[in-house]
Structure formats: C-alpha cells, structure tokens
C-alpha cells in the first residue's frame, strides 16, 4: 500500500465488496415493515446447568426432546443476561460446560397458515458454542460468541398438525479451547490429595470475566418467501455530491424488481435507483460527521428498498429501510482523515459489563453510557475486546460516536494458539463481523486482535493472513490490531494501516514513578513511527483506582495517582498529537469484572467511572481535556458546548 498520500478506501466506490464474503446469506438487523414482523422472546426462560462430571448428561438423556422442567430442577433465567451472577449458587458463577435454555412460544396464526410467510429464529449471541432445537428438532449450530446467527424454521411451523406451543431449546457451552476466540485451555488437577477426581479449571489469557449465556436478544421475525436477504452500501464524495453505492441480494425467486429510494432526514426523496446494484448521487449532500467535529454531526439518510416478485403462490412484496451515513475514511502516513479532514480519536475503551446482568444487553445502561460519553466529550471508542451488540452501533451511528470494531481475538498469548484451525476460525469470525457491521458509518476501522503474542514468527503469518482476509472482505476501511509488543520485534505491524499501542508506564512498568512517563512515551512513539511511518493511536493507558482512596502526594490505587498519571500521559501525547499521533483511548471507561486474582479486587478498577457509572476524579480531568481538544479540531471552527444538563451534578 502506497504511503505519503492519502489512501482513501471510499475511492473503491463502485467496488461492492459484500460479494467477497465467504458466508452464505446476509445478516440484516430484524426490523418491522409493511412486509415484516418481529416477536421478541426476551424475558424469563427455563434454565439448567449440566453439573454432571462429563457435562454430557443433557445429551445422554436428550433434554431437548421434552420440556426442560421434566429433566429436573430448573431456574428462571432472564434473557438477555449472563447466567453467572443471577443465582446464589457459587457453582454457577464459575461454571464451565453445557447450560440449557428453553422457552415456549405461541405463534400468530398467520405465521403458521400463510405459506407466503417465512419464519426465522434469530439469536443475538450465545457464548460460545450453541446448538438449537425447535420442538425437539436439531435446527442450528453456531461457534463463537458475540455475533448473531439464525435459521429459517418455516418448515417446522407450517407443516402438519402443530402443537399449541413452539418449544425452543438452546444448549450453550462456554468452554474456551486453543481454537476458540478468545482461546483458553482446560487444566486437569491430578493431585488427588488436593483435588477431587476429574477436577479441572478453565485457564484464560485475558483480563475480563468470561461471562456466558444468552447475552443478547432472541427473537422470531418474518419475511415474505421471496425477500431482501442483504444490502451492502459504500459511500463517497465527488465534488459537492455524495455517492451511495448499493448492492442488494434477493432470495426466493429470480423473477423480481427492485426499487431503491434515498430519503433525507426530513423524509424527502433525494435519489432513486432500480436493480440489484447501482449508484445514487446526492447533490449538496449532508455528510456524516463525528460528534463534536461538525455543527451537524451524525447525519443519516434512509435507503428504502422495495422488492416485488412473482412466485408460484402469486405476487409478493418486501420492504427494508437501511440508515446510511455518507462519509469517507482515509489514512496518510501521519493522519486519519474523515471526509478529508484530520480526525483525532479522543475517547475510551469499554466493556459490555455491569452488575448482575454481566454482559447482558440492557437499554437503560446503554443510554446512560452514551450520556456519559457525550458529557465526557468523547468522540470514539473501541469495542474491546469483541463485537458489541448491534443496538450499540446503531446508537453510535445516530450520535456520531466513532467506533474501532474489534473481534474476539484477545488472549492470543501462547504459540499453540496460532494454528491452522484457529486461523480458519478467526477468518470466519471476521467474515461474520464484517457481514453484520459493514453498513454502519460509525465503524471506521476493523481491529482483528488485542495484544497477541505478535513477536512470534507464527503470529506474523497468522496476523498477515487475517488482516489480508479482512481487507479483501472490506476494502473501504483500514485494518489494525492492538499491540503491546516491542516495536523492533512485532511481526504483525507491517500489515496494519494504523499502529495501535497499549502501554502502562508507571503502572505495570516502573510502578509509582510518574516522572518517567513523558520520556518513555516519547521514546515509544519515536521508535514506532521511525520504523513504520504510520499514524499511531495510544489505544490503552491508565491506572487502577479504588473510588474513595485518596493520598497526597499521590500513591498507587488512589484517585490522585490516576489523575497524575493521566496528566503526564497527556503532556507526552500533546508533544506528538500534531505530528503523527492520531488518537488516545483511556483504559477504561468503567470498572469491570475479571476472574479472581491477587491483583484484582472485585475486578479491574482502571475505569474513570465505577462499575455503577459514578465518576472518579479522573473523569473530570479527562472531560476538561476532551472538550479542549474538541474545540481545537472542530469543522467549521465554532465553539463546542458541553453536553450536560444545567443542573447536572457533574458541572
């Protein structure tokens, strides 16, 4: 890839890369329309963990063939949520193996009687391996958490005499192995003087709790039997016009017509097209800008697609509306450009994590987090260390929060994790990530891994292949991974478009010595930039802080130490910010749960907010910095105003 001049991925406008996906079928977000219905299955499910020694009792006794309550005692389990923190059973919190969920559903009669209707079961995520049965029939399997999967169950609900209720059974195994993402190992403790026979532990190589279960929504939705299966959109700018290139996939018939209309925010039609692919030109287009970068950020159009088809059962129609943000992304050797303007990431790393619900999706928590991001003046975050719920990305699109979209490639710490089976799975996961998230304007870069052992020769080949595969899937966005390796030893850095670095000076290194941060940070930046000539993001930095701990002069774990550490980092960042450093993402937005260890007191405490989303002292420091940066980088240059209520306790 050429350096020195902007590499504008949007220049691939007519190239519709969706067809490069190896997966069969699209993964459009289920929505209601004139032709589509949805029935959410959130709420209480029956739940049972298989505590048998071999964790196989559920399969041996075929729990899926009859109501789960007939197999033995069950619990009420809320969906979505992680199962770990719901009960008072300590065994369940750290359970490794198969758990079983079940829900009985009554379908609308028209879903079962109308043969024009296609009925689909969709699971938002199931960590990590899932098998699904409908009325005892093996319907679907999926490997990997954090991403949706679905199955057409029309043939199970529209054929023959139907039971009064539809019984959905889902078995989930959260075991991590050397070939899962994230990877892990199972260690058997064979010393029978210390451990019972068959005792084992799950070893993980990442610093967050391995929550599991049905952590996102489960739902049923319908489409016509001939339907819009997928839409791929890329955008560009030509002089003062916006370009929207689209490709539409249809399944169920070869005899159909397609109409595409682009509507502005006032629901006025600004462009029309027909056929499965085309380009819509929007004179004087309103571009999608990040939050605080423009007076009118996050402008969204709507691409309305109408399908009409002739089938053996008669004419059918299908309708789907896709939000579209017109924007470009480009990278030079020292800048990250959005719509041709230098963009500086001033934001956070996050986790999907909260009390009780674990990694379960929660609307109040989502809205609270976005209010805090806006109050903070943050314009970006990384989905550390896995793809977040689709609803999160939709909020980012609407609010202008830029996203580095990361796959679950975290914990790749051992040589045995870089094997061909893992590589194949990793590439497939990237296909699923791109398929799901490709149309979000907020997503400006893919991250294929966090802190892999990238000094290994095997890791170099592995990362090269995953990055190349991701670029082939989506030429419209840059690709990176997040490194904590030495600049001279990193085997994956030559293949990324942007260097992302994690470093914890005066915390994990030379802890307590705040006076060393500026020198060490400057050395880090200069070494990496001299070798690779690529823009750099400080993708992690921070300090563990127990809310309410105070000491002056600052000592580790106090709020004063976290503030002082951030101040020293900021001085170092400012020395390079106008040169080739293009972003800073604090670790972390909020405290989060981890496995128990001697260095973790009820989880990781590096958040600038507590797990309950209350601010530590550093939150106010970071807020002051981010609003200052926002006013320096805004286009056009008008003063940004703090987004908080007049009576906010944070003002």
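Just so it is clear, glycine is given a Cβ too, placed from its N, Cα and C backbone atoms.
According to Swiss-Prot:
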SIGNAL    1-22  signal peptide
CARBOHYD  173  N-linked glycosylation site
CARBOHYD  190  N-linked glycosylation site
CARBOHYD  272  N-linked glycosylation site
CARBOHYD  420  N-linked glycosylation site
ACT_SITE  451  active site, proton donor
CARBOHYD  631  N-linked glycosylation site
Between residue 451 (active site, proton donor) and residue 272 (N-linked glycosylation site), how many Å separate their Cα atoms?
45
Pop the Cα-Cα gap between residue 631 (N-linked glycosylation site) and residue 420 (N-linked glycosylation site) into the table, whole Å please.
48
When the Cα-Cα distance from residue 190 (N-linked glycosylation site) is computed for each of the glycosylation sites 173, 272, 631, which gives the smallest value?
173
Is it possible to get the count of other C-beta atoms within 10 angstroms of the C-beta of residue 173 (N-linked glycosylation site)?
20
Whole-number Å only: compute the distance from the Cα of residue 631 (N-linked glycosylation site) to the Cα of residue 272 (N-linked glycosylation site).
38
With every protein chain in view, what's the tally of Cβ atoms within 10 Å of the Cβ of residue 631 (N-linked glycosylation site), excluding that atom itself?
15
For residue 272 (N-linked glycosylation site), what residues in its own chain, 6 or more apart in sequence, show a Cβ-Cβ distance under 8 Å?
259, 260, 261, 262, 280
DSSP on residue 451 (active site, proton donor), three-state: which is it?
coil
DSSP three-state assignment (helix, strand or coil) for residue 190 (N-linked glycosylation site):
coil
Taking the Cβ of residue 420 (N-linked glycosylation site) as the centre, how many other Cβ atoms fall within a 10 Å radius?
10
State the three-class DSSP label for residue 631 (N-linked glycosylation site), counting H, G and I as helix, E and B as strand, and everything else as coil.
helix
